[in-house]
Amino acid sequence: MQEKLVSRAKELLSDGTVVRVLGWRKGDTDFSAEPAFFESAESLDEFTYDGFCGANLSKYMIKASKEEGKTLVFLKPCDTYSFNQLIKEHRVDREKTYIVGVGCDGKLDIEKIREAGCKGITAVTEDGDTIKVATVYGDKELKREDVILERCKACKGGKHVAYDELAEGCDEEKPAKEGRFELVEKLEAMAPEERFAFWQNELSRCIRCNACRNVCPACSCIKCVFDNDRYDTAQKANTTTFEEQMFHIIRAFHVAGRCTDCGECSRVCPQHIPLHLLNRKFIKDIDEFYGEYQAGEDTDSRAPLTNFTQEDVEPSIVKERG
Amino acid sequence: MCNCSCGSEEKKNALLPQVGIITDIRRETPDVKTFRIVRPDGTKLFEHMPGQCAMLCVPGVGEALFSITSSPTNKEYQEFSIKECGTLTNYLHNMSVGDEILVRGPYGNHFPVETVLKGQDLLFIAGGIGLAPLRSVINYVLDNRDNYGTVDIVYGSRSKDDLVQLKEIQEVWAKAKDVNVHLTIDREQEGWDGHVGFVPNYVKELNMSVDKTALICGPPIMIKFVLQGLQELGYEKTQVYTTLELRMKCGIGKCGRCNIGDKYVCKDGPVFRCDEIDELPNEY
Amino acid sequence: MYQISREKMPELLAAVAKEMDLFLPVQNNGITNFGFWTEDAKVDLDTLKTVKSPKDAFFPQSEVLYSCYQKANKTSIEPAALKDAPFAIFGVRPCDVRAFDVLDRVFLSEPADVYYAARREHGIVVSLACHEPEDSCFCKTFGIDAAEPQADVAMWQVADGYAWEAKTEKGEKLTELVKEYLTEQDLAKEVEAEKEAIRTLIDKMPNSNLSLEGWGVGKTKERFDDPKWKELSDACLGCGTCTFSCPTCQCYDIKDFNTGNGVQRYRCWDSCMYSDFTMMAAGNNRTTQMQRFRQRFMHKLVYFPDNNDGMYSCVGCGRCVEKCPQSLNIVKVIKRMGGTK
């Protein structure tokens, strides 16, 4: 499939449809592909599309939309939701984007491979649902399902909601996975003290590196309130445990109704804090209060939190539900 | 050993400030004020050399590095000329005589007044608030007049109201022995019969002889064009000194903010000879 | 040389913790970081790489420098107390031990940072050789021997426990303190075998022998304008993951925290990757992520060696290699520029 993507990209570059390509560049190992811009046919020789291309490229289109000319971007099904949401928020320019939808069987999480006991990894090869890991300590075979990214466990399905063309190998009919809210339900079932302790423990590991915010396609403010030196909010360290909770909760509130559940926040967190669960709680509540809603499914509907209707729940719901 | 003059054997905590008290505030221009600061007991904060800086801090508001504008020959106090341009300087401009402030320093290197500059004819070129660090050198030179040759001072600002230390320039410097003061403002203005034009052009017009050592301070763009002008007149970069300004937090070359190339502006600077600046990556 | 069995280790740690603060790798929900020993802490000496390095022991992510009070127009300053009692840092890997030397170059050079110096003076470092090195390790590139930790006490994993060797006076004192848990034994052979095994493994790791040609002292002009910086930094998010997991990154910010009855002036880690790092009222001298990205690597691989007799300020711990959200890291920088060209 990779060769076809490269030759298509070369075609679109040479016929002038696009002036640059946004994709993934081969890393120095099998598992370190990096998001990259390609501006020439030769540079595309370094292009790769494999199990480790988990990075959601849609947010880079904010940067690319400010450049001259059109950009070809490869988007996986779930990435297209983020892209649509960025269109809705006028952050990216659809006219300057040429989307080639690419298929996805669930992206791999190198950290999970390491947790499965693989140390000193020298090569990782994908063989359908089997992941073969060669290490200096011996070889191992793992099941794809066991080492996919957390977000892929709640896959939205194979459908691309925005594209100009689809690459070979896309399965638009692939259904969404069940059980997206299982962990949220577990948290909801906890007593408030237990739930508070859970989050306090998780968030206590936060090092305020801002990776979650910087990678988040919904965090597209030009100047984040947490960077604004004019207010006391700009603290690079958590002066109190309260503050580390504040940062994540304020962020969750700010992206509520706009978060497509792309899961990048949890993918990038160096401390493995399950940040996506905060967002999923909001999504679940929105579904329950306003009817099912998937941010990024389209580019023009009014989102429940920015649309007033007579049927909207009253704020007192918070009290009623306890 | 403590690096201040107290003689204590205890290691000095370079990040710990001392309390200073503002004993005088002079308005220089619409957006520049000069603050005189001493210890609460009336003694001088510390000894410094011309070109050095100090951190001024208002707790809860901020801390920033300012050049010391008074001369080390002044045995009573230190002065800082400060332009209003951010949160801290804004706050400072609203402070009054008798208010307390935190001070630490002095930091950085200084103009080589006791070595290279001795015996030289000196050419000072300043723009706007850039006079602040040079004023320290000028007064040091005038107070040790016999150690130096002739002194030329080229100083310009946007308008006559933006000339800092105008009173001292006209009443002290202009009357001193072997000192020539050349003032200029950017545009014609009522009540101004002096020179009009930008500093770099004026320097070229004055056609200064090339046997002087030049000290420049002002906005980066002015420094760039003055340097070009001086080179056209035949000056070598090794004859020209200037200062760099970058964001600083610690003042002692550790916090990393003012690092360019192998230099820390707070510690290795702020004074650089122009040929030394050429060696730095172009990131200032 | 002494031996301590795996079973006895918890008792030894408890004995140390009874006498002094003990900072060591502790697991929380499967993630291992350095933290203080407590009775129910899940001590983890097996995980090779903690997420954060042990630099917190000497240079905490956030610390108060002094407090400031204003009463009736009078200002008083109360400096934070300096560390004045011994404490132990346990399970430090050889690369992280070298990182302390790098930090020393910064914080102990004149004028010394008294907060850091006090901790360094009282800290006892117990290191542990790397029984199972990983693919992200490249300490050998910087001349660090993962088999030969340089600290107050060195430990090696042997048979059913650890070999223990005091290397300094501080280390001997600590050994005295825990002697009842140690058994004197001739472990020379076992330790030698472990060292051999470690070195063999290290040599099999893909980045153990990177070429540093094109980097180091005097390479500013050659590297600074390299066009490769742009493509290397294109995907950089400008987050602080690399900086905050790095054992040698030492940039910091100084900020105020208003407690209500006074102001605490504290310093906290900062990152040259952050957009406001060099921002000042008069402007910003690094406005693009490419410039900020370049600064981080030029500092580690050129500027720092320039100022420190050729010593690099990267120790090859590989944390950034594993943790960068977008898989950008210093190994890629070293490989794609400089030597490999």
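The backbone N, Cα and C atoms fix where each Cβ goes, glycine too.
Please treat TrEMBL annotations as automatic predictions, because they have not gone through curation.
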Same-site residue for [2Fe-2S] cluster (record: TrEMBL; known: B:CYS250, B:CYS255, B:CYS258; options: B:CYS266, B:CYS274): B:CYS266
Secondary-structure category, per DSSP, in which B:CYS266 ([2Fe-2S] cluster binding site) falls: helix
Listed in sequence order, residues with CB under 8 A of B:CYS255 ([2Fe-2S] cluster binding site) and six or more positions away: B:MET248, B:LYS249
Number of other Cβ atoms within 10 Å of the Cβ of B:CYS258 ([2Fe-2S] cluster binding site) across all protein chains: 28
Spatial neighbours, same chain, of B:CYS266 ([2Fe-2S] cluster binding site) - Cβ under 8 Å, 6+ residues apart: B:CYS53, B:LEU65, B:TYR107, B:GLY108, B:MET248, B:CYS250, B:GLY251, B:ILE252, B:GLY253, B:CYS258
Extra residues within 8 Å (Cβ to Cβ centroid of B:CYS250, B:CYS255, B:CYS258, B:CYS266), [2Fe-2S] cluster: B:MET248, B:LYS249, B:GLY251, B:ILE252, B:GLY253, B:LYS254, B:GLY256, B:ARG257, B:ASN259, B:TYR264, B:VAL265, B:LYS267
For the domain 'FAD-binding FR-type' (B:15-113), residues assigned helix / strand / coil by DSSP: 7 helix, 45 strand, 47 coil
Surrounding CB atoms that lie within 10 Å of the CB of B:CYS250 ([2Fe-2S] cluster binding site), all protein chains: 27
